[in-house]
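These come from Swiss-Prot:
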DISULFID  C235-C237  disulfide bond
DISULFID  C268-C271  disulfide bond
Amino acid sequence: MDKLIKTISESGSFRAYALDSTETVRTAQEKHNTLSSSTVALGRTLIANQILAANQKGDSKITVKVIGNGSFGHIISVADTKGHVKGYIQNPGVDIKKTATGEVLVGPFMGQGQFVSIIDYGTGNPYTSSTPLISGEIGEDFAYYLTESEQTPSAVGLNVLLDKEDKVKVAGGFMLQVLPGASEEEIARYEKRIQEMPAISTLLESDDHIEALLNAIYGDEPFKRLSEEELSFECDCSRERFENALLTLGKDELQAIKDEDHGAEIVCQFCQTKYEFSEADLEELIND
């Protein structure tokens, strides 16, 4: 089971989250049949949203949209505060690597665009904010969003590593945030450690990458573990939800679908589950 560890420095001036999202991203790859670059881009977006959701209180729903003008199109993710996340990428078939190293490329194919966050607190007035994409690598764009939009200086590292068959090997990351009251001396120490930190891909290769991430963030500084939360890819779609969507079309449109197509098939964008509605099903909806 994937998990996210919340921590805070002994001084109370820094908080850090470290997470293992391997099964989450693996499930997303299997459901959407994504190729290498699309897998990494979608995976990074899911991890960013898992972090963002962990930062929320109450029963909120968080939508992250990474909207670029490159090959990927847009990437959409929806998370809740219970550790569930779902998502999809408009173009699942991007598969581009550096010839010399085999490194999967993301940034150049995200293009220019926006990192958008929509937080729905359940009150009917969702809060939307956005920042421009600064690199298209998603992790850097997420850190920029946190610093600029949420006014919290943040360092973020997240990645998805693939095996030789381009299947998800490991996925995860971290977020470090400066809290009010941090001294300049403390900030300088943490900045130095982040700058000298091994590459996120190297840390993810560790036997226990959550511990490796926390050790890299805190060094010898004492910190407290606040909580451990389970994470998973989970879609909340249902036949009932799509029945309600069909009802919004109106009886005339449903009759036309019944007469012309003799039924309907709806595919959930987030998990690719197919829902079949026969002529009899449509007739029942028409007569509802």
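Any Cβ shown, glycine's included, is placed from N, Cα and C.
It is 6 Å from the Cα atom of C235 (disulfide bond) to that of C271 (disulfide bond). Other C-beta atoms found within 10 angstroms of the C-beta of C237 (disulfide bond) number 17, with every protein chain shown included. Counting in whole angstrom, C268 (disulfide bond) lies 7 from C237 (disulfide bond) by their C-alpha atoms.
For the pair C271 (disulfide bond) and C237 (disulfide bond), the Cα-Cα distance reads 8 Å. Counting every protein chain shown, the Cβ of C235 (disulfide bond) has 19 other Cβ atoms within 10 Å.
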